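The structure appears right after this line, and notes come after that.
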Amino acid sequence: MYSHTHSNNMLYPKADKANKTLLLACRICDHKEEATNNCVYRNEIRHSVMEKTQISQDIASDPTLPRTKAAKCPSCGGREAAFFQSMTAANGMTLFYVCASCGERWTHHGGK
């Protein structure tokens with residue numbers, strides 16, 4: 001990871017197409033410098049939908065998510081839950097529920 005020596009901002013790879021070189025450029029100012037290493041690494045982190053529900057502890061109180069009082073929480077027996085859906089090739093349509101009482105997460109896989 002490279003940073004701009006004056007502002008301590010992160011430098012990002014940028015191609016100089018005219019000179020066919022790799023530059024490191026600051027996104028805040030116009031600072032550019034030639035890269036000393038021509039390797040660019042990309043670290044991509046992919047989370048499953050269940051992992052994303054764990055990231056936000058307040059997902060059950062999210063006012064943008066629809067709610068149901070017809071789902072029974074497997075943990076506390078509560079009847080109110082926020083829910084959202086996801087579709088994957090492997091599992092088809094899946095409903096993800098988050099209990100409004102205890103925060104328990106569970107799924108319902110749709111079937112034919």
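Quick reminder: no glycine exception, Cβ is built from N, Cα and C everywhere.
Here is what TrEMBL records for this protein:
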{"type": "BINDING", "residues": "Cys26, Cys29", "note": "Zn(2+) 1 binding site"}
{"type": "BINDING", "residues": "Cys73, Cys76, Cys99, Cys102", "note": "Zn(2+) 2 binding site"}
{"type": "DOMAIN", "residues": "69-107", "note": "domain 'TFIIS-type'"}
Fill in the blank from the handout: Integer Å value for the Cα distance linking Cys102 (Zn(2+) 2 binding site) with Cys29 (Zn(2+) 1 binding site) is 47
Practice task
Quick one: pull the CA-CA distance for Cys29 (Zn(2+) 1 binding site) versus Cys73 (Zn(2+) 2 binding site), whole Å only.
Solution key: 52
Practice task
For the recorded Zn(2+) 2 site, enumerate neighbouring residues of the same chain (Cβ within 8 Å of the Cβ centroid of Cys73, Cys76, Cys99, Cys102, site residues themselves excluded), in sequence order.
Solution key: Pro74, Ser75, Gly77, Gly78, Ala81, Ala100, Ser101, Gly103, Glu104
Exercise for the section: Round to a whole number and give the Cα-to-Cα distance in Å for the pair Cys73 (Zn(2+) 2 binding site) and Cys26 (Zn(2+) 1 binding site). Expected result: 49
Practice task
Please state whether DSSP places Cys99 (Zn(2+) 2 binding site) in a helix, a strand or coil.
Solution key: strand
Completion exercise
Using a 10 Å radius on the Cβ of Cys29 (Zn(2+) 1 binding site), the other Cβ atoms enclosed count 11
Problem - Spatial neighbours, same chain, of Cys76 (Zn(2+) 2 binding site) - Cβ under 8 Å, 6+ residues apart - result: Cys99, Ser101, Cys102, Glu104
Fill in the blank from the handout: Reading the DSSP string in three states, the entry for Cys76 (Zn(2+) 2 binding site) is coil
Problem - For Cys26 (Zn(2+) 1 binding site): DSSP state (helix, strand, coil) - result: strand
Fill in the blank from the handout: In this structure, the one of the binding-site residues Cys26, Cys99, Cys102 whose CB has the fewest other CB atoms within 10 Å is Cys102
Exercise for the section: Tell me the residue counts in helix, strand and coil for the domain 'TFIIS-type' (69-107), as DSSP assigns them. Expected result: 0 helix, 19 strand, 20 coil
